[in-house]
Structure formats: structure tokens, C-alpha cells
There are 6 protein chains.
Amino acid sequence: MFYHDNKLQYKVRVDKPNPVFANMLQQAIGGIEGEIRVCLQYLFQAWGARGPVKYRDMLLETGTEEISHIEMLATAVALNLEGAPLSLQEEMTKDKVIGAVMGGMNPRHVLSSGLAAMAVDANGNPFNGSWVVGSGNIAADMYANVMAESTGRVLATRLWEATDDAGMKDMLAFLIARDTMHQNQWLAVLEELGGLKGMHPIPNSFPQSEEHQQFSYSFISTSIDGNTQAQGRWSAGQSMDGKGEFTFDPAKPFGDEPMLGPPDPRGHAQTEQMTGAADGGLMDKIKGAL
Amino acid sequence: MFYHDNKLQYKVRVDKPNPVFANMLQQAIGGIEGEIRVCLQYLFQAWGARGPVKYRDMLLETGTEEISHIEMLATAVALNLEGAPLSLQEEMTKDKVIGAVMGGMNPRHVLSSGLAAMAVDANGNPFNGSWVVGSGNIAADMYANVMAESTGRVLATRLWEATDDAGMKDMLAFLIARDTMHQNQWLAVLEELGGLKGMHPIPNSFPQSEEHQQFSYSFISTSIDGNTQAQGRWSAGQSMDGKGEFTFDPAKPFGDEPMLGPPDPRGHAQTEQMTGAADGGLMDKIKGAL
Amino acid sequence: MFYHDNKLQYKVRVDKPNPVFANMLQQAIGGIEGEIRVCLQYLFQAWGARGPVKYRDMLLETGTEEISHIEMLATAVALNLEGAPLSLQEEMTKDKVIGAVMGGMNPRHVLSSGLAAMAVDANGNPFNGSWVVGSGNIAADMYANVMAESTGRVLATRLWEATDDAGMKDMLAFLIARDTMHQNQWLAVLEELGGLKGMHPIPNSFPQSEEHQQFSYSFISTSIDGNTQAQGRWSAGQSMDGKGEFTFDPAKPFGDEPMLGPPDPRGHAQTEQMTGAADGGLMDKIKGAL
Amino acid sequence: MFYHDNKLQYKVRVDKPNPVFANMLQQAIGGIEGEIRVCLQYLFQAWGARGPVKYRDMLLETGTEEISHIEMLATAVALNLEGAPLSLQEEMTKDKVIGAVMGGMNPRHVLSSGLAAMAVDANGNPFNGSWVVGSGNIAADMYANVMAESTGRVLATRLWEATDDAGMKDMLAFLIARDTMHQNQWLAVLEELGGLKGMHPIPNSFPQSEEHQQFSYSFISTSIDGNTQAQGRWSAGQSMDGKGEFTFDPAKPFGDEPMLGPPDPRGHAQTEQMTGAADGGLMDKIKGAL
Amino acid sequence: MFYHDNKLQYKVRVDKPNPVFANMLQQAIGGIEGEIRVCLQYLFQAWGARGPVKYRDMLLETGTEEISHIEMLATAVALNLEGAPLSLQEEMTKDKVIGAVMGGMNPRHVLSSGLAAMAVDANGNPFNGSWVVGSGNIAADMYANVMAESTGRVLATRLWEATDDAGMKDMLAFLIARDTMHQNQWLAVLEELGGLKGMHPIPNSFPQSEEHQQFSYSFISTSIDGNTQAQGRWSAGQSMDGKGEFTFDPAKPFGDEPMLGPPDPRGHAQTEQMTGAADGGLMDKIKGAL
Amino acid sequence: MFYHDNKLQYKVRVDKPNPVFANMLQQAIGGIEGEIRVCLQYLFQAWGARGPVKYRDMLLETGTEEISHIEMLATAVALNLEGAPLSLQEEMTKDKVIGAVMGGMNPRHVLSSGLAAMAVDANGNPFNGSWVVGSGNIAADMYANVMAESTGRVLATRLWEATDDAGMKDMLAFLIARDTMHQNQWLAVLEELGGLKGMHPIPNSFPQSEEHQQFSYSFISTSIDGNTQAQGRWSAGQSMDGKGEFTFDPAKPFGDEPMLGPPDPRGHAQTEQMTGAADGGLMDKIKGAL
């Protein structure tokens, strides 16, 4: 169950409002690298957690923290929109730099939200629930979380570079630090779960004897001319999970040409697909083969 | 540049076509854990690769391999749809088990594709390009790839459990093996890039002196009653990146109550939002504060 | 800022797990009538609130409560999925009723989430941020909220009818009660803001003298044969906002035939669109008119 | 059944074409507040209307009128795109103000539509059928309609402020007037259906004796520090539906800690989730409790 | 401008309501092959038409007719949902065939629309405005229209096969006939615009001297083993547009290996991407080449 | 199965990087007219091909070629982003033309991809799998392909006009030539399949005797005032498929007013919808009619 107070987790100050930066910040709210995604991802993982309770509890804690991050960023967007231009004529008659600003704004910040944050990314794409990963396999989920905090911290550092507003840099320096912690946090779970050699291949509960093991540690090169530079740690030596040896092998087909049956007449393909009239008997060959 | 032959990478055989399983297989084609996603993800990462060429080349190789996996799965879907029921009356008059089958089919396999695979998942959601992650930071991308191959392998083992068709189990045993390799492959890159201590926090090119370091290794507990079980490797001891010590700290606000300016009259809020008539002078307080 | 404890707002009990009902409950989580929508809607309205502080605070309170509702429903989904069938053969060899069940399940509850809730609706459509309405006009937003709680309560009563599980009926009886309150709550704001005559037309800050008032209270009938039964409170008498008299008027055009310019050659329309060769001089007429 | 003539419902004149305003107008066509949404919403409500015929007929009338509004706006977009820049070099060598213009244009107005309107909003998001609300409950639907006309009129007044083109202001003054009428029209239905006390809680056909009535009129405050300003009409006094008394109550949990079963082995969670090895026996506690 | 009467274009009768067929019919309403798509497509093409007026008028006529088709199908969906099961217990206790039915229903027909049509397809995917094609090039648009009516007629014949309800077969026989006409209609425009030799390559207003003509009529075979059967009318003889001769050529690269610059430090790639430490000097080669 | 080399199909050179043009190029990658769409469309048509093998093989060849086109365009995007501005201050203090540039850029090219291409269009809309058409009817599919190559070539010529970069014009001149070929290629299949008279109406396997033939070649005019100019090849003379004569007929209804049953009480419509209290007995009329 959830509670709140009416303060922010960390202070949000905008010295010089900038509606173009407001739009950029939307990526950290409603984007695939953003805070709504991690918030819902950690909460859904918690709510569906089967297994040790401590992981569920930890996910619940950090999922709750992320709501506070959305709040900070939404506040930052609103503050960056203070005094934003609301009309085209205002744009065109004043300093032309403002003209450039309007080009980089999200027009829906004027038209749809009345100068407030929305649940969208920096292209105006709405937040999409398909980004919320919770697989029921905790190791896979922890990688999803490390990945989310890694792309999230990359995003935050780019936002930090994009602005010279001291207030915004201060807020982002807090969020960047939290991303540092959260990367470490999910990695700590991965260590507890057995580390590389204990966890992989994920899921580690599937018996590897059932997979076709001659393909389990082979780097398959699809290059037709042998002119590849794709050699590295992955093409020789012990595999990362300690269960095999890497090899480097040229691609070749182990299967045959696929052969589907003729169309069912009630599916209303063209008659020519069913009679073979168009291809000089090839159709008969198909039918013969089935 | 790309080439093909007309064979399959591995054989695809369906002993007993099952249109419900055809629908399940769609998750491995057009789902977020599926092969279109990894195919485009590795190729876009390759095409945008800046830095060492060998990573670009490796991504290109494996991205190309994944096209062959889409092809195998699309073939498997078509073969599972051979003889699928095309009419409701056929359903109802024959064995009632078939009635159950039609409920679990994707009706668009009949209506839209004529008994062939589509670029959708097992709920009929179309493949979505937002799932294709390529951040320009190779470590973040490798985690995205490990995550994709982990949820992908979890999916493949669940498909393996869901069917007792020997042909399908054989094909999945091949794909599961390839996912084993690909998990190892991306992990190998992460080792080459410095391992946990060298890579993290990602991006490692941002100076940590610029982040607010008192928050960088603190597990923040949002639990209001102290009744949490969220202690573990992440709440004490050296951080995974070797750059700090984990602590466990109760959440508290470091910021103030946010305070936005009044609405711009041209944004046409309600008059009462602008005059404060509705709240006995609270609005004046806002205006005073700005 | 946000906090949590590890209990549920109201008890969630499932007497007889039913994976088909699990799928139905998803509508109340990730659907347009669902709890993620109202949660984010109230929170975003709070975070963007300009004007009286009490409305912001109230939105923050109820937005926070809604997180607890998502949690309850997500728990209910997971409990309804306990023991769900994981394989097709299991289905077919046992009681045929189970076969029917699998048809009504969401296969991604098996394949993607491992028997847990997802951020999707009952068709597997992912939650979509475009549903989060916050216009910056508080009266419009309150109507969005009344509407959300009305369709939400309709949904909850339908779920209540669909199940005979006593635990689920108990949980829904709680959620239905909360929807009752929330409808009343947003209506109370609308009364405070002036009621029908004070609030409308929304936004009430736009001077009605600027709109074309001969069309402001006219019911326009597009029926070509006068054979309409569309008479009612809206076709005569004082308007609801007290600012006009309803009339009932047949539709007629007040504008002319639209006339666009010819294609810009660099936009590469077909040559025939630019020369008018295809229509015996009609193109010349267009050009002449411009 | 539907008919047309080749005139516009109201005249559409653009004195000074502006491709940035063309993009803004798209919000009123394909946006969530736009005319395609209300058009389809009213028509689908009509086509699914069960109950009094006059509401169906009224919805059909106004749904038909809205097609004419899409037509007016699509014409306005095309006229605002007359003479829009088609090449970047044109931009850069002429007046820099034009450079600003191109930044605010939708590039797909050049690339995809050849200077014509599209079924998208001002961010280029395609119109989405999920926005079309028709619940089968006429009161809920009427609120959806009041809400749509309220956010729609807010949008139209913002577009009116954004332009100083006399032709566009004239067209918008017509559309704003129609939104005035349509707000009043749906409110009139709500009055006919019984007004606040007769209609609520929606649906009024569900027996309130079945809901948990101790929660039906309670404002639940999730604030942890009692420092909320969220008091108002909704926290004391008779409820709006006349069926209860508002109270103001602090949030507290009425449920227990949720407890899910262990993972099904065939769902391939990590082994550690199933054995409890990772958490010192917590797993056993779970198993014991089930 | 648009008008209506309250009759249907053609009679809609359902002899034996079937909620599974109701779901299938949704494909013809809100699917990519469906009527909302063609309706909006023809109307948007009309509203953006530049060039001969007669094409605009024709598009307006047929776009208007399509609204009547949506109406017929929406009515058919509602009629097929009469008496549909609203509860799971009802399902399980009665005839098991009904159990199968519920699996094939759209649960949102119960939960969201109250037994009425929605703006979605047979998988519950909402109608998507991106499907509305209007390119500004009339020949391209006519092909989009032929294609829409072809996939639409294929869909309608499959629906006709899927049902044995005489009323539904009658309605579909009408819609199939209209699709016949509309295919012919758009083909007639293509003939008027010059036929194959006059129209192609589309756009015919781009000077072919500017394209690299050695590639304009070459079938490029990407097959690596020469084992292709892809010979036909397209691999030899005069091209369809009469402007070249088809040839059959093996694929080969005409470009070099792509070479991107190193990462900008402010974009926060990993340090190893910028220093080349990880690949033994390959990075220096890149830098040298730029 | 698929292979690659590490060269490009045609050279990609950017003389003067332009991040606004990079954004425009995205339309040709991830847009509905773009290369991901045709690539997957041809491949999925091949993988689902039932009937003559040579069409499957041809589709496989050209689908493979299209991967190489995505690669070229992705490379072009990355090259156009070299040196793009990464911060707002950089923008504002230098030449104002750069300010205009940033307005036209995709901010996610900085924030999300680190100056590389993404799987999105020029509005940032992610690629959508619903655009991949494969109907199982080869004639319908060939029209889908002609249409895709026609809108694709229109797009490419507009991009050619938008830039004066010689390298980009050279690359586009190659792609335009390939679109010329591909239009011709799909048209050649259509000729082989019987041409207009043999193929239409599509599907040609449905017996026309089953459709309501009095409507099969009638142009239905929905114009209420007879003031239409919609006469042409389609309104008189032999139909294009040679199977009928075109006529021009005014629209009139052949169906009755639709009449749905009353709401099921468990669907929780408003009480007034079920009792008819609100409309003076109209409801009774409905019930009487059923």
C-alpha cells in the first residue's frame, strides 16, 4: 500500500525556463529509458514475485522511489515551460532565437497540457506498457533492470550535457547518482543468484542436456567472404558460464527448403495459386511432395 | 550487404499441426522477447556503431543470423496452421475439442494472413520499433542484448514445455542452444570492456565527481513502518563497481513542496484557477510566493 | 514524495483460481478504464496543477491511493493464475472444460510473465500513455475524472457479475465503493468551481463574444428526411449553462466548395495532376480561380 | 446511411498560410481531443445504443456533424501548407525566420502527404481507436462526451490564441461555438437521466447494498505527515449523489501482505527462486504458508 | 458537408447470434483491411486533393459510402452479441460448446462496450490512423485503394466462408459486391491516368534521367548459390512501363565498408569506445581515416 | 537462410552533415513508406507463400535486397548526424541558423541513440508491424507491393528534392532506380497472373454468382444535391475486369432502421436505459418489436 507527503525527494529548481529542454526532459518521464517504465517495471516484478520474499520487498522499495523521480521530472518540465510562447505571432515578431525555440518545443505542451508534463517521450510518443518487463525469471528481470538503469543513466548524462541551467544540472546530478546505485543494486542480486557461472544460461532451471549442445557455444559467422573482423573473447576460450568452449564457425544450413501445403480453397487465394497454371507445373511438384 | 540461400538454418518439422501453438509461436516472432526485435536491435547497433570495428562486425554477424531464426519460426507457424478450421460451423459440429482450439487460435491467422505467420505477438500486438534498443553506449547495449537473450530463452523453454510435438521440440532445442551462445557472447564483450568494476556505473565516461555522491551507494527504503525484509548484498558491503560502500537509509525528502506559477490567461484554464476565488485566498499565497 | 508498507489496502482472496478471469481483470489494470490510467492521470494533474493548492493536494492523495488499487488487482491476477495450464497436451487429455479455459486465457500470462499480471488490458493491448488526460483546465480535467470513474465502476460491476468467486466479489465490492466515492469527489470539485452555470462552457475564461454565437445553442440536425426522433431537453428551452436558448435547426452549409492550389512540382504528384490532361480542362479552372 | 454535398459546413479561409499552424491544427483532427475521436465516438455510441431511441438518433445526428468538422480542419491544414518550404537549402539561404518555421513543421506534411492533412495529431501520433469510448452505459458515455467537448473547446481556444490569421480565427470561432452547444447537449441528456442524484453512482443499476459501503463516501488521505491541504466540498457534508455523508479518513491497510505460490517448474524461473537457497530459508516459509 | 438518414444501406439480419463471429467481424471494422480505414483514406485523399476536381468528388462520394458500411458492420456486431454469456459460471455449467465460445469472444465486448462494436480489429488492436494513406500522388493513392479493396474483399469472402448464418451471408454478399465495384473504380482511374505505360514509374513527374538507370530494370538476385527459381516475366523482356528491358543480375556491392566517426565525448559512450583500448589499435585506424 | 558481407550495396556519402535531413531520412527507414516495411513484407509473403515456388523465391530475393537498403539509409542517418549539436547553449550562442536546425532535429537522435539511426519514422513514431501486409492472396499482395514501391518512390524523390548534398542525391538516385524496378517487378507478376481481366475481382476464386451482382458495377453517388462532378471512366462503359457495365446511381437505403435489443441487466447500463422512463414509452416500442 502507498503513501505520500507533499515534498519532493530532491529539490527541483529551474533558473532559466527553456521549453525546448522541457521537451527533452519528457524522454526521462515517458520514454523507454524513462522513469514511468522503471517504476512500473519494479512494481510489477514485485507484485508478481514468486520465490524469496526479500527480492519482492526490495523491488517494492525501489519501485516506490521511482514514483518520486517521475514527480521531480514532471515538476521540472512544468517549471521549464513557465513563460513559454503561446502564439505564433509572438514568436515571429520578437527575437528570432525564440523562433528557433518554438521549433524545438512540443506543441502539445501548449495545446494539450497547458504547460505541464505529459506521459510521453521527447517525440511525443505516449508511454507504452509493453516496455514493462517482468518475466517471472528473476535473473532475466535483473538484467532488464540493469539495462534500464544503464540506458537511463546514459540519458541523464546527455540531458546534463544539453543544459547549462545550474538548477537542472543539480537535479540531474541527483538522478544520475540514484542510477549509479540502482545499477549496483541489481548487479548485487545477480551476484547473490550465483554470478555468471551460477546463473547462465538463463533460465538455469532448463536442463542443458535438452538443448542441441553442438550449437551452444559456437559463434556462427554469416559472412560470405571471410572478411570479418568479428573475433574476440567470444570466439575462443572458455564460455562465460563456464560450461563450454567458444568456437568460431561459418554459417551453413542444417535444414531443407521449406515446403508449405497448397492454399485451402476457402481461404480464397487466387485461383492461379491453387492450379499452378501460372508456373508451368511447379504447383504439381508441390502437390506431389505432400 | 545481405544474401540468402533457400534452405533453413535448422530443420523445421511439425508432426501434428496445432493452430493454438501457431499463435504461441508468434510471441517468438513479433513479441518483445522475439526474433524481429533482436534481429533489428543487433543490426541497428551495428549500423550505428562508433568505436572498435570488431564489435560492429560481430553485431552484424549475429543480427544476420537472427533473420534466419525469424524464417524458421515463420515456417513453423505456417506448418502449424495446415488444416486449421476456417469456419465456425465446422467447429461446432465436430469434436468439441476443436471448439476449444478455435478459442485459442488467432482469428487473423484465418482472416488476414491466410494461414501464415504475421509480424505480431501472441496477443496480436504488432511488432513495435520502440523495442529496438541501440543507445550508442556499447555497455548499455550489451546489457540490452543479454536481457533480450535471457527473456528470449525463457520464452523458448516455455514454448518447449507447452508442446509435445517432437518436431517442434527439436527446432526449439536448436533455438534454445543459440540463445545460450548469444547470452555468453554479449557477456564476453562486457568482460572485454572491463567487467563490473571497469564498466560501471554506465556510462563510465561521465565523471562521478559531478554526481551527488552521497546518494550513489545508498539503498533508500521507502517503507513507512520499518517492516521491510529488503536487506541483502545491496544494503551493506562494497558496491559492485568497487567504487563505494552500500548503506541502507530510510527515505526522506531533500526537496520542498513544488510551486508552479499561475496559469497564463491565454492557456484558458478556468477563471477560478486564475482568481483563486474557489479556495479562500490560497491563490494569492501562490502569487505572493512568485 | 512516495512511501509504502507491505500490506494491501484491502484483502485479496481467490477461492478458486481461474486464468480466464485473470485475463478479464487485466482490463482493470492496463485498460483505458483501468487503474494505471487513473493513477497516472491524477498524479500528472497534480504535478501540473496551476491554481488553488487544495486541488493539487487532493489529486495527489487520490492518485496515490490508486497505486494501491493496481497492487490489489495485480495480486488478484497472480492468484487467479495459480495452477494455470502450461502445456497444450495437458489441456487436451484432461477435462474438455479446461480446453475451453485455455482459449480464454492470455497466452502471454504463461509465455511472457510467468503467471503474473502485466501492464496490458484484456486484449493484451499495452497500457497507453495517451489515455492520461491533464489539460491544465481543472473543469475539463474533473470531467475526465468523473468519466474515468464512471467507466471504471461500470467495468468493476461487470467483473463482479462475471465471477462467482466469493473472494473476488469481496475485493470488487471494495473497489466499486471507492469508485462511488471518487465519482462524488470529482463532482464536488465541479460544484465548488461554480456548477453547471458557473463552469460552462468550458473553458469559462474564453469570452463568448468571440465565438459565433448564432451557433452556440443550436441543435443541428443532419437528417436528410426529417425522420429523426432526436428531440429532447437539448432541442428547446434554456441551455444548461443558462446562457442561451436551445433551438433545433436543419443542417445547411455556410461555406463554399473548398479549392486547393495545384501541386508543387517538387512534391512529385503525377504529371496529370499538374497539367489537367486527364479531365478536360478542369485543372485550368482551378488555376484560374487562384 | 450517409450522404454529402460538396460544400463546407462553415467557410475556411487562410489569409497567410503557415505550415507551423498547419501542424498545430492536426491536434484538432487526429489528437485525443480532436474531431475524428468525437465523430467515431458518437457514431459508435449510436450504433451500439440499447434503450431509448431518441438518444441513438441524437448521437447519429451529432456524429454526422463532426465529419463535417474534420473536413473543415483538413481543408484548413492543406491551405496552411500552400507554399510551404520543400527543401532544406531553400530554408537556409532565405530569411532565417523561415528556418525557424521548418523546425516547427511536420516533415511528413512534405514527405508523406504532399502538403495535405493526415490522420495524426500535432506530434505525428496516428489517431488511435482506443480513444473511442462507448461503454453501453449512457450516463458514463455522456460524461465521456462532455469531457471530449471540454478538452476539445480548450484546445480550440488555444489554437485561436496561437494564430492571428483572421480567416483561421473566424473558422475557430465557429468550432468553439459548436463545442459550446455540444457541451450543453450532453449535459441536457444527463439532466434528463436524473441529474446528479438520480444518475450516481454510475452505473445506477448496481445495488449499492453489494458494495462495501463504509468506503463509499470516505476521502482517504494517503498523506503520511498530516500536512495536507486537501480539504474541500468532498471531505464533509452530504455526498453529491445524496446517498451518503463525506468523511475524511487517513489511509490504512485492511489487507495483509500478499503471498503468492512458488513458481511452477515448467515456467522456468531461476532454480534459486524455487529452492530458496538464496535467502536463508525464506522460501520455506512461503511454502509452509501455502 | 455530411448528412444521414436513419436507415441502413443494406439490410443487416442475424439469424443465430454468435459472439465469436462478432469478434471476427471486428476485423472488417477496425482492422487494417477494414472499413474505417478505407472511409478515412478516401475522405482524406479527397480533402487533400490537388489537381482535377473530378477525382476529389469521386473520392468524397465513395468515402461517404464507406461510413454506411461501418454502420452496417457495427450493427451486425451488436446483433451477434445479443444473448452473449456475461459470466464465467454461466459458461461452465451449461453446454460445453458455450465454453468454447467464450474462449473465442472478445472479453472487452462484455467488459468495455456492453455488447456493442468497438473501433478495434479481431485481435482487439485499436484502429490506427497510420493506415490512412494519402500521398498527394494520385496514382500511388489509387494503388493504395486497389490494395485496400483487394485485401478487404479477401477478408469479406473469408468471413462469408466462416459463417453459415443466412443473414450474415446476405450482408456479406452485398459488401463483397461493393468491393468488386471499388476495385474496378480505382482501376478505372489508373487507366484514365495513362495506364501502365503512362503512369509508371510512379511518380511519373520525376525525370528518369536523374535516377541511376543501370539499376532501373535489373532483377537483383541475392542468392549465394545460384539455386534460385526466381525467374519469370520480371527477369527478361520489356519492362511493364515500356521504358526498359528486364535483366537478371547477381547481387554485388557497389559501395565500401561504412566508416562512422568516433563518439562525441558529450554523448557518453563508454570510454573504451573512445580510446580504442579494447581492440588493439583498430580505433586509431578509424581516427586516421577521418 | 541469410548471409552478409561488410560492404554496402551502393556507396553512401554525405558531403555536409545535416541533422535535419537525418530526421527526414528516418521516414525511409521506419516509416510506413519505408524500407523496414517492404523488407519484412516481402519476407513474410515469401515465408507464407502457398502456391508456385517461383513467387516465393522472387519475394525472398527482393526481401533480402531490402535489408541492404535499410543498411544504406541507417548509415546515411549516422553520417548526417556527425557533429550535430548536443547542447542547447551551443545552439543559442552560435549562428542562429543552427538554432533553427535543432528545432528540426529529432532530439532522440541525441538522447536515445547517440547520433545513430533508429527504427522510427520522421515523427519519431516507432515502426509498426501492422504495416506488414501478407494476405495469402498473391494478387492482393502484389498490389500491396506496387503500392509500397509507389509511395516509397514518391518519398525518395521528395527526399531528393529536399537536399542539395551531392552524396545524398547520388544515394537516392540509386534507391529511386531500385523502386522503379520493383514497381515493374510486381506489375510483371500481376500480368503473369492474368492481368486485369484475369485477376479481378480479387480474390478471383470466389464465385461472383454468390455476390449481389446488381451492386457489383454501380457507382453509388451519395451526393444529396446532384451537384457532383464525379463522372469518369468508372461511371459508364465496360468494367475494368470485363465482367460488367459501369452505371451511375444515386445512393438510397436498401435496409431498415436498425433495432437492437434492450440491455442485459448484468451489463449495468443505466436503469433508465432498461425501463424507458426517460423517453415516454419509446422503450416499450423497442421491447414490443423484439
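Think of each number as a place in line: the chain as shown, counted from 1.
Cβ atoms are placed via backbone N, Cα and C, with glycine included.
Features as listed in TrEMBL:
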- D:E35, D:H69, D:E149, D:H182: Mn(2+) 1 binding site (BINDING)
- D:D57, D:S223, D:G226: Ca(2+) binding site (BINDING)
- D:E66: Mn(2+) 2 binding site (BINDING)
- D:248-290: region 'Disordered' (REGION)
For D:H69 (Mn(2+) 1 binding site), which residues in the same chain are close in space, meaning a Cβ under 8 Å from its Cβ, but six or more apart along the sequence? D:Q9, D:E35, D:C39, D:L175, D:R178
Please list, in sequence order, the residues in the chain of D:E149 (Mn(2+) 1 binding site) that are at least six apart in sequence and whose C-beta is under 8 Å away from its C-beta. D:V38, D:D179, D:H182, D:Q183, D:W186
In the same chain, outside D:E35, D:H69, D:E149, D:H182, whose C-beta lies within 8 angstroms of the Cβ mean position for the Mn(2+) 1 site? D:V38, D:C39, D:T62, D:E65, D:E66, D:A148, D:G152, D:L175, D:R178, D:D179
Chain C, Cβ under 8 Å: which of the binding-site residues D:E66, D:S223, D:G226 qualify: D:S223
About how far apart, in whole Å, are the alpha carbons (Cα) of D:S223 (Ca(2+) binding site) and the residue listed as 'Mn(2+) 2 binding site'? 44
When the binding-site residues D:E35, D:D57, D:E66, D:S223, D:G226 are screened for a C-beta under 8 angstroms from chain A, what remains is D:S223
Check each of the binding-site residues D:E35, D:E66, D:E149, D:H182, D:S223 and report back the ones whose Cβ is under 8 Å from some Cβ of chain E. none
Whole-number Å distance between the CA of D:E66 (Mn(2+) 2 binding site) and the CA of D:D57 (Ca(2+) binding site)? 15
Run through the Cβ atoms and count how many others sit within 10 Å of the one on D:H182 (Mn(2+) 1 binding site). 26
DSSP secondary structure for D:S223 (Ca(2+) binding site), reduced to helix/strand/coil, please. strand
Count the other Cβ atoms sitting within 10 Å of the Cβ of D:G226 (Ca(2+) binding site), across every protein chain shown. 8
Cβ neighbour count (10 Å, all chains) around D:S223 (Ca(2+) binding site) is 19
Could you tally the C-beta atoms, other than its own, that fall within 10 angstroms of the C-beta of D:D57 (Ca(2+) binding site)? 23
